Amino acid sequence: MNTATCFIVLLVVATVIGGIEAGEFDMRKDVMGLFRRAICPGADRPCAACCPCCPGTSCKAESNGVFYCRKDEP
């Protein structure tokens with residue numbers, strides 16, 4: 001294996017281990033789920049106008065002026 005292939009394998013392994021340690025057992029297995037997680041921040045994460053929040057959350061300002069994705073209330 002060359003260096004680039006080893007790097008990619010290590011990156012994939014680290015991503016899988018990180019997902020398991022974070023408790024994300026219900027991660028969507030389809031391609032759209034992977035794409036959505038890559039482009040939108042989840043709940044309780046900082047957000048910006050260029051990166052909209054994931055479905056079910058919206059960008060709300062906190063008292064410190066920082067915007068966070070918060071779960072929508074029914």
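Just so it is clear, glycine is given a Cβ too, placed from its N, Cα and C backbone atoms.
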Partner cysteine of Cys53 (disulphide bond, per Swiss-Prot) from Cys50, Cys69: Cys69
According to Swiss-Prot, the disulfide-paired cysteine of Cys54 among Cys40, Cys47: Cys40
Bond partner of Cys59 - disulfide, per Swiss-Prot - picked from Cys47, Cys50: Cys47
Rounded to the nearest Å - Cα separation of Pro46 (site 'Critical for the neurotoxic activity') and Tyr68 (site 'Critical for the neurotoxic activity'): 4
Candidate nearest Arg45 (site 'Critical for the neurotoxic activity') in space, where candidates are the recorded positions Cys59, Val66, Tyr68 and distance is Cα-Cα: Tyr68
Integer Å distance between the CA atoms belonging to Cys47 (disulfide bond) and Cys54 (disulfide bond): 10
